[in-house]
Amino acid sequence: TFDVCKPIFSVDIHPDGTKFATGGQGEDSGKVVIWNMAPVLREEDEKNENIPKLLCQMDNHLACVNCVRWSNNGLYLASGGDDKLVMVWKRAAFIGPSTVFGSSSKLANVEQWRCVMILRNHTGDVMDVAWSPHDVWLASCSVDNTIAIWNARKFPEIVMTLKGHTGLVKGLTWDPVGKYIASQADDHSLKVWRTMDWQLETNITKPFSECGGTTHVLRLSWSPDGQYLVSAHAMNNSGPTAQIIERDGWKTNMDFVGHRKAVTVVKFNPKIFKKKQKNGSTPKPSCPYCCCAVGSKDRSLSVWLTSLKRPLVVIHDLFDKSIMDITWTLNGLGLLVCSMDGTVAFLDFSQDELGDPLNEEEKNAIHQNIYGKSLAITMGSQLSSTIIENPEMLKYQQERQGNQNPNGAQASGPENQTPKLTNVLNGESLEDIRKNLLKKQVETRTADGRRRITPLCIAQLDTGGTAAVNSIGMKSNLLLTSASKIEPMKALDSRFTERSKATPGVTSVPLTIGITPLDRVKDSSSVKEPKGKDETSSDSEDKIVVKSMTKRKGEMEGAEVVEKRKKGRPRKDAKMMPISQPFPQVTFLLSKDASLLKLPTPSIQKSFSTQVSTDGVTYLEVENEVSVVSGSRLSQLKWSREGREWDTLLPSRIIIATGSSDVVAVACEDRTLSVFTACGRRLIPSIMLPAPMSALHCSGHFVMALTASATLSVWDVQKQTALVKNESLNPILSGTEATVSQSFLTRQGVAVVSLSNGKTYCFNSSLETWNLIADKQDSLVQCTDFRSCVSSQDALGSMGPLALTQGRNLSAGRLASRLSSTPHHLQQGMTLAFLEKQLASALILLSASEYRHWLLIYARFLVNEGYELRLRELCQDLLGPVHKSSSSSWETTVLGLRKRDLLTEVLPVIGQNLRFQRLFTEYQDQLELLRLK
């Protein structure tokens, strides 16, 4: 530990491991300090006076700094403070040491860090900041109850302000692929938001309902494999815990137990590990696991492996005050912890203790969607001697060569990365050097009495006390066969279904993982879904997503789970769902006989409430049978959004109520549907439905109704027209055992229906057909490979209704096709078919951003693989007729995008392949002519 005196609220190690930043209280301002890591790692460097400890001190914040975070590419540092500001810092060119303003000349800044951007939006103290994967967004949260999402490529642009918390928001974490962001607040809730549409995905309140008192921070953390989200400050049996939330269905059956006071901070190690192989022994397949550090108000730190029931190590009384923040080195072996008492401690682990980190390939296999392979376009060498005839062509060729850096995927930050970082990401060269230095450290006291600690390992192997990690003889049913087929990690599995018993060979510690008693399960069925015979590893990846889409519908997977909950009353958090409201009893099977098609209807409750995420969060509260007037029973609907509210009475019991930013729709027991404006005015007289309501959705001015007799209607209530008239689901349900597992309405008014067999359809009102837009069993998806066609800027465009229905399945395209045995021509044909399907699906869903996204990927694929005829046809359609003619049926726009603007985006792609320079020149000249007209 080394002392800094004033409270330190945050610490973060730079991705290259050479420096770290702290944030806290200065003399009369907030203070951000960048420190050199070398004196912390090596005692000889600490004693060497020529090696600086402090690299730079920045006093720009007007009040205490609560959080500091480096961007993933290491170019920027973001800090947030009590002055309501977020500052973004960048290293300036070296000008020579400058003294810290107002200090004695001894304190010289070795590095110059300048504030390049001040982000102003919050109206209260900023508590936490977090960069998304690839640094696309920067999120900040505040005591003003909001979360701001900033466009990190175009500061200070705000993408979205997330509103919904009713208490001070004190922690943020992104999932490893940037699909979700989670926030935790003093309102005893943890909320997960989708980045696709910035709506609420789930609201978790149960583990926090008993929590009393507050903590200064609630720093939660997402595991690097994306499987687990761990919260701060939860309670179980009136004991403080860190709640484990499973990505698969957002289940809350497990927690880290044992701290004596509230948990303030949780931080996952960036690496995924597998068990260390003993020298000379044949490698045994083992299940990958993650490692997580937990810090508490009780001044102690615990480190857990998801493969062990007990903590790997617990260090008590490390500080005099509460732990405030934790950060790991990128190699996963070092850990810095800071405290309110103004000190920072460094702990280092050996690989014997933690295990072997997975290499990039293995991590990619668990996680292909993070790092696509190099984005360079590989071109045949036979073309290298072609003479370039067109000067524009030359420009794109030069750009293409500039793009062929091996780290395409990571170099997608605001600027390309520094070379220093590259050698960390490519191999572990820097890390290897540091590991060897780290291993030598033992516990010593320096001359002035300060401690250096190497923690003791508590969990011990049965092979005579060498501190290594053992999964305590429990076989997991997932084997690690080869790098090409690693399944998503499931180490925290059904063995935690009972409170941990002491395990032989493991010293007993008061920390154990336990199941929250609220969800006590008699067997492991709800903790772990049994795998179907025919599921490949990709299916299990996909399954995760569809569960998260169907929110808490673990009920779909097995009827016994349903039995264990109280019937008829959905859980508290199930009522707070945004777009779709799944209902507790959905275990109907559909008969093959079309006349019996029936969809489940929700049970009638005395009262319920729904939260609708719109621009501000809207709450709908329903109270059935509030009063009986002359024999008729009246039911009340209350609407509230940000302090405004209204209520209305209806003459029948309300079954479902939902809304959008513009309208509110209510279905009653007497088969009527009422629609109101956001101010409570009735828009149309009650609509009589042909059957009871099964699901109801609103989006903008569109209302969608799915009835129990399996018919679908969609109305535009503003224009008072029907887009879909009582259309039967028979075409998609007949001949299957499936039922509807989820449905939603896109912003453009397209109805989307997902079935329990993994297929998703939308109804196209102009063709009057059901169209298949996603299928989990689609073999095309599993064999496609378009990684080389995805550019780093594409992440933003791939969000929308199509991405929502396909979920993780989509990333399969970036998986090197798992069937690496697929011959190239076959894989090429499958990829082509898949991309054309995506383009057509985006078009039918009226999703403009996704259409443009897939159009550009498709164009890159056609160019890379040399499909000249298709490319020509595509360009011709985008260009249209050059001379106006009355007979032409060519539309100038597609989904509101101007076709000729799209052609302007496609041409540079064509310019990167010399084979197509005639085609390039031809269309470029045509565009030029049209411009001059």
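Numbering starts at 1 and runs along the chain as displayed.
Cβ coordinates are placed from backbone N, Cα and C, and glycine is handled just like the others.
Keep in mind it's a predicted model, so treat the numbers as computed, not measured.
The domain 'CAF1B/HIR1 beta-propeller' annotation in TrEMBL covers 6-354. Sequence annotations record features per position, and here TrEMBL assigns repeat 'WD' to 58-90, 119-151, 162-193. Taken from TrEMBL, the feature region 'Disordered' applies to 397-422, 520-543. The annotation compositional bias 'Polar residues' is assigned in TrEMBL to 399-422. The domain 'Protein HIRA-like C-terminal' feature in TrEMBL is assigned to 680-878.
Proximity of distant same-chain residues to the repeat 'WD' (119-151), defined by a Cβ-Cβ separation under 8 Å and at least 6 residues beyond the stretch ends, is recorded for 63, 66-73, 76, 78-88, 157-163, 165-174, 176-178, 181, 183, 185, 187, 193, 195, 198, 217, 219, 370, 409-410, 412-414, 792, 795-796.
Sequence-distant contacts of the repeat 'WD' (58-90) (same chain, six or more residues past either end, CB-CB distance under 8 Å): 7, 9-16, 21-26, 29-34, 100-102, 113-120, 122-131, 133-135, 138, 140, 142, 148, 150, 152, 155, 217, 325, 410-411, 413-415, 417-418, 421. Nonlocal intrachain contacts for the repeat 'WD' (162-193), taken as residues 6+ away from its ends with a CB within less than 8 angstroms of a stretch CB, comprise 124, 127-134, 136-137, 139-143, 145-149, 199-205, 207-209, 211, 214-226, 229, 231-233, 243, 245, 247, 250, 367, 369-370, 611, 613, 616-617, 642, 795, 811. Under DSSP, residues within the repeat 'WD' (58-90) fall into helix, strand and coil as 0 helix, 19 strand, 14 coil. Residue counts for the repeat 'WD' (119-151) under DSSP, split into helix (H, G, I), strand (E, B) and coil, are 3 helix, 20 strand, 10 coil. Each residue of the repeat 'WD' (162-193) gets a DSSP state, and the totals for helix, strand and coil are 0 helix, 19 strand, 13 coil. Mean model confidence of the repeat 'WD' (119-151) amounts to 93 (pLDDT, 0 to 100 scale).
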